[in-house]
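The structure appears below as structure tokens.
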Amino acid sequence: MRRNQLPIPVFLLLLLLLPRDATAATGKPRYVVLVPSELYAGVPEKVCVHLNHLNETVTLNVTLEYGVQYSNLLIDQAVDKDSSYCSSFTISRPLSPSALIAVEIKGPTHHFIKKKSMWITKAESPVFVQTDKPIYKPGQTVKFRVVSVDISFRPVNETFPVVYIENPKRNRIFQWQNVDLPGGLHQLSFPLSVEPALGIYKVVVQKDSGKKIEHSFEVKEYVLPKFEVQVKMPKTMAFLEEELVVTACGLYTYGKPVPGLVTMKVCRKYTQSYSNCHGQHSKSICEEFSKQADEKGCFRQVVKTKVFQPRQKGYDMKIEVEAKIKEDGTGIELTGTGSCEIANTLSKLKFTKANTFYRPGLPFFGQVLLVDEKGQPIPNKNLTVQVNSVRSQFTFTTDEHGLANILIDTTNFTFSFMGIRVIYKQNNICFDNWWVDEYHTQADHSAARIFSPSRSYIQLELVLGTLACGQTQEIRIHFLLNEDALKDAKDLTFYYLIKARGSIFNSGSHVLPLEQGKVKGVVSFPIRVEPGMAPVAKLIVYTILPNEELIADVQKFDIEKCFANTVNLSFPSAQSLPASDTHLTVKATPLSLCALTAVDQSVLLLKPEAKLSPQSIYNLLPQKAEQGAYLGPLPYKGGENCIKAEDITHNGIVYTPKQDLNDNDAYSVFQSIGLKIFTNTRVHKPRYCPMYQAYPPLPYVGEPQALAMSAIPGAGYRSSNIRTSSMMMMGASEVAQEVEVRETVRKYFPETWIWDMVPLDLSGDGELPVKVPDTITEWKASAFCLSGTTGLGLSSTISHKVFQPFFLELTLPYSVVRGEAFILKATVLNYMPHCIRIHVSLEMSPDFLAVPVGSHEDSHCICGNERKTVSWAVTPKSLGEVNFTATAEALQSPELCGNKVAEVPALVQKDTVVKPVIVEPEGIEKEQTYNTLLCPQDAELQENWTLDLPANVVEGSARATQSVLGDILGSAMQNLQNLLQMPYGCGEQNMVLFVPNIYVLEYLNETQQLTEAIKSKAISYLISGYQRQLNYQHSDGSYSTFGDRGMRHSQGNTWLTAFVLKAFAQAQSYIYIEKTHITNAFNWLSMKQRENGCFQQSGSLLNNAMKGGVDDEVTLSAYITIALLEMPLPVTHSVVRNALFCLETAWASISNSQESHVYTKALLAYAFALAGNRAKRSEVLESLNKDAVNEEESVHWQRPKNVEENVREMRSFSYKPRAPSAEVEMTAYVLLAYLTSASSRPTRDLSSSDLTTASKIVKWISKQQNSHGGFSSTQDTVVALQALSKYGAATFTKSNKEVSVTIESSGTVSGTLHVNNGNRLLLQEVRLADLPGNYITKVSGSGCVYLQTSLKYNILPEAEGEAPFTLKVNTLPLNFDKAEHHRKFQIHINVSYIGERPNSNMVIVDVKMVSGFIPVKPSVKKLQDQSNIQRTEVNTNHVLIYIEKLTNQTMGFSFAVEQDIPVKNLKPAPVKVYDYYETDEFAIEEYSAPFSSDSEQGNA
């Protein structure tokens, strides 16, 4: 038989028949103990106790239990009849994330004990990272701060296991371990390489718990904008509006308007959801407008919206605007954008505040806000309020702020759940595929009824808005009391408790005298709003009625996000002059430590960022669970008796009682804000005894998501509620006329001006004196301070404008060729309200000839907000860097400017700007280097030498120096980042910037010459090189010359991967290298090993010398084996053991061969030496000695004769002979083989014969060095420097003796230099004046010195000899309009290889710009779309194009250049193509601008 529920009238009758003693007052003692439902470990927490009607002394014990272990939180003895207090406790180290909290109250006749489950969470300290700016250029230094505070914002002396930098490819490129934060703050810095991976980087801070705090910054190649383009328009417009006002304004960073042409494009884009043509330009609706900016730098346009069809679907529901402003004078064009949403929702309603619960008989409070589509309040409109659909309906009117306060009388409400809907306008539901209809949103809210057996209630009146820190807020309580429940009580005490940041913050009470018959009314009391209550405070108010019933209500307050440490930051004035002195004053809590920052507004225009703000700091706070969660498996032991739900049979029908579960009770109120309540008062609604379950039903706590969580029975797992985020910080008296003229000379232009720490004194004051930068801009400055007492405080961002009433700007080319002329423009800008008379002058110099352009006037009138440009036609006469100094001076003159009197500025009367121009000689630069190693032993040595110049040398271009060093690696040490005058744009070339630093550090360390300065510089180069090399890494751990290039097919290169693997393994001793990079590279290489132990080639060999005259596999395997042994891996390692088997097998074949195989044998000799195989090492060296070239007491090795002769012929077209790269490399490998033995310190166990041979090899190698200490190319430089460093360590001796070097020419002493232990690493240089000339160098004393003579000169290109490349260069105007054709043209290049080999190695095409022109970067970048072009670079006035290889098939490509500065008498510019590894193989061709033969002879 189906069971039926008992009818409601019968159920109510049963409730009335409940025993009277269930509701009667007993007068027994009452206990209330309150604890947060989640506790933090390591920070103070509170437990609050309320004891009432005690008739005996009791002991209170609050205990935290972990199984059989426990800790006491509170032990107290209560004597007073009534007491209410809170007590603090701290949980040091929790044994488990969950525990039981037990409350026991025991007296002679009373015993109360209850246990509840509890979460315990370690309080994670909020941590944030602040960088000095949001965006960086390659090569700049990233500065950042790590800050740690507790949940009260007091500094935490925390230690982080690791802080690291992660690049856009998620590679860890640098790290700091065990970073301490004394005082809660630590500053770190990190240098970016000159060629880093561009994109988003991260600073990652890892805590002990493993949690990571990440902060992002961008690395980008950029130029700071001079001005910004602002597009001002409504964010939203109604679809019925007919006009849209759009304003575009240009403002300089110093706040002044930009004069220029404004172009505005207004579009609504096409966006059918089923179309692939979203945003398709041809289907977009667009209009364009153009006009000169007004005096405010703005252009205002009223746009008619009808053309954009705002009511039609199928288009984006927004109008987008792109505005461009082209600055007058310079032609610089910048863009700004804006958009306006087209809204069909014409009104929106939302609840700003409302009661969470409702209590029958007490008014329900709520507030709603009505706004239009733009978010503007709609005043004086009637709103309809419906309760539970249309059962009850009310009308309220909005005030002038669009707010309507809702007050609903609930006296007659009987429903357990109240749903409230607020309506402004009803919607007409109409679905149309083509047209948009208007819509009005409604506001909805729900409130559950609170159960009270006596129908007694209290309700807090809503507090609207955000409460300010420091204010006193009145709390109003509405009450409705049952007289029977009050009995004869004369007063009633209201207890309140404030919960903030998950913990109990404060508590108190207020007594209400009871008047006879007054059971309904309002009582109020004040509370003070304090910073510790922010951002949200939860107030719970409760009282205990004489019938033992507890009634309560709760309300949340939004608190101003304030800090106890108030920080004020100020400059003495809002504006300063460039280069003046000022100071930044900071005020905060005494003895605070303050971190100050000031960033150029231009940086923030380029990369806006979120400021470090109260909101961002408060977002870092961990969040506790707000709802009490049942953890299980604690059996349910409610303090209240349950009602047995027995069936009732009536007229033969069985009725089941209906239990109402929808009402909330006082227990739910406490639970809703995360409080555990232990009490013997009545806080629960009646419950039926459980029939089938061992555990209680989880209470509904008023939040749908909490109810959903509680539906999981026995849930013992809970994800972390602690949220950690990271933040970036923005980063920001008159002089009388007779006094000396004040002049500014501007040359200091930083992007971050201030990045300093300032400790405050006992009065809370601090001052930072600073020099104002020369940038005419606005600086954004801010500060945060840390105090051990009041914690963290933030200042507001302040602005400081650097400005002067008038200033001068110079427009110059980067470089010109001697004989060319250019127009130097000096523009004076006047931003004063009055006119000034200005004299503009250019300081004359013998280095150039300057002639004024146009009518020459001694002075010029410039009125307010106007500018004047004065020009000179300049012809440089000297070579090198020529400085141009221009001055604008305000004159005291009776002469009127029109009808206005010219005034003299009080602060600055003169502005001077100095800018350089590089003046280059005509033709192509050549360099010859002569190196000599002289070792006098207490006797004078003399060397005669001659500097000759070729017949076709360019007059005045020759310059020469002789350098003297006391150390074999001295020159290389001076030029570690400039060993080669070649580009470094690929994965192998970058290693020449990386690896030599390791050898220098090892050499200096072994010879005890390592200083902190050298170590710091070398390590910084290693860090930079490590960053760059990761650009060439593939996802599988391998490396290739140009890296993983996205869609273009590329694979790892076996040879380069081995090179990188060895270098990274060796660099670990000096810098952080991520282990996975070494592991992954080694694993990848291991996969390339064949069964015979040899390695197979993957990727192309850009250097043909690696082929070595034998099977490529043997040479490559020898190279990889050397790399593995140098890591070092032991010879017993399986990969190494198998590789050595490959080499031994190969040597057996080579030793019986009649061919030379010099390159391969050199590698084999060194590999066997590293492996400790002395026998094989001796065999190979003996074979190599037969191939050795002995000359002039030196020894070296060279390639087979036929190749050598071909190369020598090629040299006849080039420089004075220097050994090819491959010969230096193979000779260096032989030197390494001689210097390496099996001992732990191999260089100390060498025989005298080995050292003698090594010395002869060193003499030859040292003669091949270039003027920077490198050699011809990358591999020869790396291997030769490694060999020289080993030789230097083997032969190093300290001596107190000195060597003197005297240089004479024609009987005249050019210079005398002295070398000793104190300066042996110092590069000493003498400039040689006689060119051509005969010189004598005399060396005396005891020791060795390295002499290097460098001769540089320019020659005019001649068709001499047969070049191994064909090169043709043509130019063509891009615009045939005669007035414009000289401003832009195309350079087309055809190139091929016609040398002796089937194809070239990697080739560089170097295109120098003609003066006054710059490359169009997108057209250069587009060249990389061609399969054979691997990379392009734009270097000042050069374009570099990397080509993988060339054959005899002609390859053609082109790119565009455009005019930057007008230059007359344009000279041709050279294009050079050369083999990167055989630098003697090259060709040169000149090109001219297509209009250079015009009558004007230039582009001026």
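The backbone N, Cα and C atoms fix where each Cβ goes, and this holds for glycine too.
Residues annotated as disulfide bond in Swiss-Prot, with similarity to another entry given as evidence: C48-C86 (among others). Under 8 Å, Cβ to Cβ, and six or more positions away along its own chain, C86 (disulfide bond) finds K46, V47, C48, V49, I504, S507.
Proximity of C298 (disulfide bond) to non-local residues of its own chain (separation of 6 or more, Cβ distance below 8 Å) is seen for T247, A248, C249, G250, P257, V262, given in sequence order. If you look up Swiss-Prot, you'll see C249-C298 (among others) marked as disulfide bond, on the strength of similarity to another entry.
Annotation source Swiss-Prot lists disulfide bond at C267-C286 (among others), citing similarity to another entry. DSSP gives C286 (disulfide bond) a strand state. Cβ-based neighbour count (10 Å, all protein chains) for C286 (disulfide bond) stands at 14.
Residues annotated as disulfide bond in Swiss-Prot, with similarity to another entry given as evidence: C469-C562 (among others). Note: C469 (disulfide bond) has non-local neighbours V529, E530, P531, A534, I559, E560, C562, i.e. same-chain residues 6+ apart with C-beta under 8 A of its own C-beta. The DSSP secondary structure for C469 (disulfide bond) is coil.
Residues or ranges marked as disulfide bond by Swiss-Prot on the basis of similarity to another entry: C594-C785 (among others). The Cβ of C594 (disulfide bond) lies under 8 Å from the Cβ of V567, V586, A588, M757, V758, P759, L760, G766, A783, F784, C785, L786, each on the same chain and at least six residues away in sequence.
For C642-C689 (among others), the entry in Swiss-Prot reads disulfide bond, with the evidence type similarity to another entry.
Here Swiss-Prot flags C835-C863 (among others) as disulfide bond, drawing on similarity to another entry. When secondary structure is read from DSSP and collapsed to three states, C863 (disulfide bond) falls in the coil class.
DSSP assigns C897 (disulfide bond) to a strand in the three-state reduction. In sequence order, C835, I836, R837, C861, I862, C863 constitute the residues six or more apart from C897 (disulfide bond) in its chain with CB-CB distances below 8 Å. The feature disulfide bond is assigned by Swiss-Prot to C861-C897 (among others).
A coil conformation is recorded for C1344 (disulfide bond) in the three-state DSSP classification, outside any helix or strand. Long-range C-beta contacts of C1344 (disulfide bond), restricted to its own chain and to partners at least six residues apart, with a cutoff below 8 Å, comprise L933, L934, C935, G966, V1299. Taken from Swiss-Prot, the feature disulfide bond applies to C935-C1344 (among others).
Per Swiss-Prot, disulfide bond is recorded for C1094-C1142 (among others). C1094 (disulfide bond) falls within neither a helix nor a strand when secondary structure is assigned with DSSP, and so counts as coil.
The 10 Å shell around the Cβ of N55 (N-linked glycosylation site) contains 13 further Cβ atoms across the protein chains shown. Reduced to three states, the DSSP call for N55 (N-linked glycosylation site) is coil. According to Swiss-Prot, the feature N-linked glycosylation site maps to N55 (among others).
Applying an 8 A CB threshold to same-chain residues 6+ apart, the list for N61 (N-linked glycosylation site) reads N72, L74, I75, A102, V103, E104, I105, K106. Residues annotated as N-linked glycosylation site in Swiss-Prot: N61 (among others).
Annotation comment: Swiss-Prot describes N157 (among others) as N-linked glycosylation site, evidence class sequence analysis. For N157 (N-linked glycosylation site), the same-chain residues lying six or more positions away in sequence with a CB closer than 8 A to its CB are D180, L181, P182, G183, G184.
Reduced to three states, the DSSP call for N382 (N-linked glycosylation site) is strand. Under the heading N-linked glycosylation site, Swiss-Prot lists N382 (among others), citing sequence analysis as support.
Taken from Swiss-Prot, the feature N-linked glycosylation site covers N412 (among others). Around the Cβ of N412 (N-linked glycosylation site), the same chain contributes no residue under 8 angstroms that is 6 or more positions distant in sequence.
Neighbours of N568 (N-linked glycosylation site), defined as other CB atoms within 10 A of its CB across all chains, total 15. According to DSSP, N568 (N-linked glycosylation site) sits within a strand segment. Annotated N-linked glycosylation site per Swiss-Prot: N568 (among others), in sequence order, evidence recorded as sequence analysis.
Here the candidates are the recorded positions N55, C267, N883, N944, C1142. The one whose C-alpha lies nearest to that of N1390 (N-linked glycosylation site) is N883. Contacts of C1142 (disulfide bond) defined by a Cβ separation under 8 A and a same-chain sequence distance of 6+ are given as R1090, N1092, G1093, C1094, F1095, V1114, S1117, T1121, in order along the sequence. Between the CA atoms of N883 (N-linked glycosylation site) and C286 (disulfide bond) there is a gap of 49 Å, rounded to the nearest whole number.
Within 10 Å of its Cβ, the residue among the disulfide-bonded residues C267, C785, C861, C863 with the fewest other Cβ atoms is C863. Here the Cα atom of C267 (disulfide bond) is found 45 Å from that of N568 (N-linked glycosylation site). Using DSSP to sort the residues of the region 'Receptor-binding domain' (1360-1500) gives these counts of helix, strand and coil: 12 helix, 66 strand, 63 coil. Of all the recorded positions listed here (C286, N382, N568, N944, N1005), N944 has the Cα closest to the Cα of N1448 (N-linked glycosylation site). Each residue contributes its Cα atom, and for N568 (N-linked glycosylation site) and N382 (N-linked glycosylation site) these two points are 46 Å apart. All protein chains considered, the CB of C835 (disulfide bond) has 20 other CB atoms within 10 Å. Sequence-distant neighbours of N944 (N-linked glycosylation site) (same chain, 6+ residues apart, CB-CB distance under 8 A): N1334, Y1335, I1336. If you count neighbouring Cβ atoms within 10 Å for each of the glycosylation sites N382, N883, N1390, the highest count belongs to N1390. N412 (N-linked glycosylation site) carries neither a helix nor a strand DSSP state and counts as coil.
C785 (disulfide bond) falls within a strand segment according to DSSP. Candidate disulfide-bonded residues: C48, C249, C562, C935, C1094. Fewest other C-beta atoms within 10 angstroms, C935.
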